[in-house]
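The transmembrane segment feature in TrEMBL is assigned to 39-62, 69-88, 94-117, 137-160, 199-222, 289-311, 323-341, 347-365, 386-404, 410-429. If you look up TrEMBL, you'll see 438-458 marked as region 'Disordered'. If you look up TrEMBL, you'll see 444-458 marked as compositional bias 'Basic and acidic residues'.
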Amino acid sequence: MERNLKNVLVISFGFLLLFTAYSGLQSLQSSLNAEEGLGVASLSVLYAALTLSSMFLSPIIIKKLGCKWTIAVSMCCYVAYSLGNFYASWYTLIPTSVILGLGGAPLWSAKCTYLTIAGTSYAEKAGKNAKDIINQYFGIFFLVFQTSGVWGNLISSLILSQSSNQGEISEEDLECCGAYNCLTDTTNSTGSERPSDSLIYTLLGVYTASGVLAVLLVIIFLDQIKSDQAETEKEKLEASSFWSTFLATFHHLKDKRQCLLIPLTMYSGFEQAFLSGDYSKSFVTCALGIHYVGYMMICFAGINSLCSLLFGKISQFTGRKLLFALAAVLNTGCIITVLLWKPDPKQLAVFFVIPGLWGVSDAVWQTQTNALYGILFEKNKEAAFANYRLWESVGFVIAFAYSTKLQVYIKAYIVLSVLGLSMVTYGAVEYLEAKSSPGTPAATKKENGGPHSQETHM
């Protein structure tokens with residue numbers, strides 16, 4: 001096997017093992033650590049730390065450690081979060097959330113840097129176009145990586161389904177499920193009851209082992225980048241130092257289009273947080289039991305990945321406006337359904353239809369918003385995507401921060417309001433673009449986006 005391809009596969013399967021653990025843990029936080037809102041508070045802190053590390057840490061750490069050891073050390077931050085869940089308290093989960101958040105951005109930046117250098121190196125040797133090889137390597141990475149949400153949630157559901165706490169949920173308990181939930185930590189004595197400690201420790205043991213295997217895989221099998229290749233990258237990293245990255249990010253806000261895209265970018269964080277935090281707890285866990293959360297998230301992740309690939313291909317024919325409209329209609333329909341529907345275990349299909357349709361719309365938000373940033377800010381992509389990561393993370397932080405303080409129906413109205421504002425400001429961006437180039441038909445613009453990047457999902 002060609003050496004660069006081997007390294008790409010090592011990184012891909014390392015991330016698969018690592019995020020199999022993280023995706024499962026993230027989906028369960030609102031249900032597993034519901035007491036005093038510890039689970040969602042940890043996610044809010046995690047994304048706040050991620051926001052800071054996205055702006056400051058990545059260039060510094062990669063410059064000091066190199067790509068291989070940045071990936072290995074950052075992976076250890078994720079393992080620390082798994083360990084923090086063994087004895088979940090404010091003194092263990094919050095510090096490990098900060099550690100994970102700080103390690104998240106360097107991990108993804110180092111991965112992108114490594115794949116780019118590996119692709120360029122192979123292209124030079126083989127006499128091929130570097131861009132084509134880099135795209136091929138990223139395609140291999142996401143093909144492997146995107147299945148992590150399926151495996152992580154499948155593991156949690158299979159293990160937690162062994163719980164002896166399962167049973168018929170009474171009508172009285174069901175009254176506290178849904179959008180108008182009873183705002184307490186112990187609403188449902190059957191569906192929301194924590195599984196036994198032995199099952200939780202088994203699950204956390206599997207997740208921790210998966211993370212440790214990821215670290216060992218990278219340390220043992222991933223090659224160091226050759227010094228001559230790394231020097232070129234170091235020069236780039238020095239150019240994007242601490243303050244220059246920080247200032248470029250905020251200087252980019254002078255662009256009116258960037259300011260108008262802030263609501264749309266934040267909405268991505270709001271809608272993902274609502275599904276994984278509020279829907280999973282107040283509908284799925286409450287009415288069906290915690291062991292169904294994994295199956296629900298598999299439905300969301302599977303459809304999301306397939307539609308991300310599909311929309312990336314068809315957007316060049318349909319244009320992005322039509323896809324954004326489709327996503328807005330689907331998300332609005334899902335939110336209205338959540339507000340009107342009283343969850344009933346007999347209506348099992350509905351519990352999966354909502355996250356399935358939500359996955360279709362989320363695929364649009366991710367692929368087309370990323371593509372929109374790339375098209376609008378082609379000459380200033382680094383600052384533009386720094387803003388993308390910043391404002392999406394802010395959306396996550398706000399949504400998780402108020403999660404335990406408000407009833408679900410209020411949070412649903414907030415998400416709906418942000419969606420409405422997003423569509424208005426997005427429309428203004430399209431109007432400005434059309435006004436600035438009235439002679440260019442929208443159909444002739446390059447509007448296609450690549451597969452749904454999971455980097456924003458941590």
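Cβ coordinates are placed from backbone N, Cα and C, and glycine is handled just like the others.
Keep in mind that what you see is a predicted model, and the values were worked out from it rather than measured.
Taking Cβ pairs closer than 8 Å, the transmembrane segment (410-429) reaches residues 179, 257, 260-264, 266-267, 270-271, 274, 278, 324, 328, 331-332, 335, 338-339, 372, 376, 399, 402-403 in its own chain, all 6 or more past its ends. Within the same chain, the transmembrane segment (386-404) stays apart from the transmembrane segment (137-160): fewer than three Cβ pairs sit under 8 Å, each pair at least 6 residues apart. Beyond the transmembrane segment (323-341), the same-chain residues lying 6 or more positions past its ends with a Cβ under 8 Å from any Cβ of the stretch are 178-179, 271, 279, 283, 311, 315, 350, 354, 357-358, 360-362, 364-365, 368, 408-409, 412-413, 415-416, 419, 423, 426.
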